[in-house]
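A.B. asks: Pasting a structure below so you can have a look.
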Amino acid sequence: MTDYRRLRVALLGAGAVGSQVAALLLKHGDELADRAGAALDLVGISVRDLDAPRDVDLPRELLTTDPEPLLVGSDIVIELMGGIEPARTSILQAIGAGADIVTANKALLATHGPELFEAADQVGASIYYEAAAAGAIPIIRPLRDSLAGDRVQRIMGIVNGTTNYILDRMDRDGSDFAEVLADAQALGYAEADPTADVEGYDAAQKAAILASLAFHTAVPLNAVHREGITQIDADMMDAARKAGYVIKLLAVCERLSDAEVSPSGETISVRVYPALVPREHPLASVHGANNAVFVQAEAAGDLMFYGAGAGGVQTASAVLGDVVSAARRHIAGGVGVGESTRANLPVVPIGHVTTRYQITLEVEDRPGVLAAVAGLLSDGRVSIATLEQTIVTGDDVHTARLVIGTHTAREQDLSDTVGALSASGVVTRVVSVLRVEGD
Ligand code: NAP
């Protein structure tokens, strides 16, 4: 074996991802050394409980519950504990001691990213985080490096595997949300507490990370508009299917022009919500727990990144790619590549976004109702593109279900108009309001 310079690599966390990273580092050490140009010595693995069951057997002598020596004496620190603390403090300490960092921690980066990048900048260190968005799919490097010379206009991503699994099953079998969620939990696709996934928190963290990179702007998590999928039911899925759509939980990051908000006219919107996607759109064919990120750039055009968004060994692939990059940089020397956030574009609230909508209403089936609904939409600056009416005959009342597809409308106008429809007396029930993306 070539006599490479030796780098000390420390691992914090040996759970689903960390244990696979350790196993691959130990198994493919020689090959990785040839690629990195440095021998990668795994010097220790910090965990909470030395006796916790692990997915793979790891050398007992590498495990420790005392991370201190690892944080001060390593060239590369891989953080795979998750959560905010002690991950944040450990990373800051390791950066202060001269290490480059590899992490998959989206929650931490979405909330404390600027603080960590600033600390790394101060000492010329680098933070690598390919696994923090969309697991094994290479998307961070394409946005940070490959597309650095282009202008990203829009990203539409399916970045949460659990919700995609649930929505895909609902679409295919006509099952209801609660039933599929229970199956997903039994199969290990969903956590016992599924809130982070089904309420869109996990996708919002990834959206903040992707938008920050794509638009060279630090996007705080609280600027991301977030809605989950718990209100999606079998009827909505069925109606979507009949209209040629599928419902997907999307992370949408978009460059907009909004002279009201920004003197340059340039703004961005970052949002997570379930939306109708046309069946022929590439994102509509993302099935199961897979992820995909569809990027539209000014010069490059449309690009699609697809694959496993989670999974211990799959995510370990992205982590190890970062370890090799960190090792190469460490060997080459010089300062790390900092985050580019100088564009500093304002993030607009959801009310400023324009998109198309599908509104489903229940109304009384009597003369004048259609005209009243059309009038309220027109007063609210929401113009009708398509309208489908189905009569539902009950015992003593006749109701009609209206499915209205709109032209592009501003979200604030749409929501005011839906409020006016609800209060009008002609609408019995607003069944659903869904955005349409990707057509
Ligand atoms: P995990 O299975 O819960 O493992 C966490 C590991 O960190 C465990 O080994 C645990 O020790 C250790 N740990 C937790 N808190 C600690 C503390 N206070 N001190 C010392 N060690 C501590 O997590 P994971 O699924 O591997 O995820 C790790 C990171 O990767 C997270 O940031 C996650 O968001 C990200 N990620 C995960 C996936 C995935 O598919 N799992 C995909 C993409 C990104 P014990 O083993 O002793 O309990």
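Just so it is clear, glycine is given a Cβ too, placed from its N, Cα and C backbone atoms.
According to TrEMBL, the feature NADP(+) binding site maps to LEU12, GLY13, ALA14, GLY15, ALA16, VAL17, GLY18, SER19. Marked as NADPH binding site by TrEMBL: LYS106. If you look up TrEMBL, you'll see GLU191 marked as L-homoserine binding site. Annotated active site, proton donor per TrEMBL: LYS206, in sequence order. The feature domain 'ACT' is assigned by TrEMBL to 358-435.
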A.B. asks: Measure from each Cβ of the recorded positions GLY13, SER19, GLU191, LYS206 to the atoms of ligand 1 and list the residues where some distance is under 6 Å.
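C.D. replies: Among the recorded positions listed, those whose Cβ sits under 6 Å from ligand 1 are GLY13.
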A.B. asks: Do any residues at least six apart in sequence from the residue listed as 'NADPH binding site', in the same chain, have a Cβ closer than 8 Å to its Cβ, and if so which, in order?
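C.D. replies: ALA132, ALA133, ASP202, GLN205, LYS206, ILE209 - these are the non-local Cβ neighbours of the residue listed as 'NADPH binding site', listed in sequence order.
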A.B. asks: In angstrom units, rounded to an integer, how far apart are the Cα atoms of ALA16 (NADP(+) binding site) and GLU191 (L-homoserine binding site)?
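C.D. replies: Taking the Cα atoms only, ALA16 (NADP(+) binding site) lies 13 Å from GLU191 (L-homoserine binding site).
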A.B. asks: Provide, as an integer number of angstrom, the distance between the C-alpha atoms of GLY13 (NADP(+) binding site) and GLU191 (L-homoserine binding site).
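C.D. replies: Distance (Cα to Cα, whole Å): 19 Å.
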A.B. asks: When DSSP states are grouped into helix, strand and coil, how many residues of the domain 'ACT' (358-435) land in each?
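C.D. replies: Summed over the domain 'ACT' (358-435), the classes give 24 helix, 37 strand, 17 coil.
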A.B. asks: Measure the Cβ-based neighbour count of GLY13 (NADP(+) binding site), defined as the other Cβ atoms within 10 Å of its Cβ.
C.D. replies: 26
A.B. asks: Enumerate same-chain residues with a sequence separation of six or more from VAL17 (NADP(+) binding site) and a Cβ-Cβ distance below 8 A; give 'none' if the list is empty.
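C.D. replies: Residues satisfying the criterion: LEU80, ALA104, ALA131, GLY312, THR315, ALA316, VAL319.
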A.B. asks: May I have the list of same-chain residues other than LEU12, GLY13, ALA14, GLY15, ALA16, VAL17, GLY18, SER19 whose Cβ is within 8 Å of the Cβ centroid of the recorded NADP(+) site, in sequence order?
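C.D. replies: For the NADP(+) site the neighbour list reads LEU11, GLN20, VAL21, ALA22, VAL47, LEU80, MET81, GLY312.
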A.B. asks: Could you give the mean pLDDT over the domain 'ACT' (358-435), rounded to a whole number?
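C.D. replies: Mean per-residue confidence for the domain 'ACT' (358-435): 93 out of 100.
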A.B. asks: Of all the binding-site residues given, namely LEU12, ALA14, GLY15, SER19, which is spatially nearest to GLU191 (L-homoserine binding site) at the Cα level?
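C.D. replies: Considering only the listed binding-site residues, the nearest one is GLY15.
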A.B. asks: Three states by DSSP: which one describes GLY18 (NADP(+) binding site)?
C.D. replies: helix
A.B. asks: Where's the emptiest Cβ shell within 10 Å among the binding-site residues GLY15, GLY18?
C.D. replies: GLY15
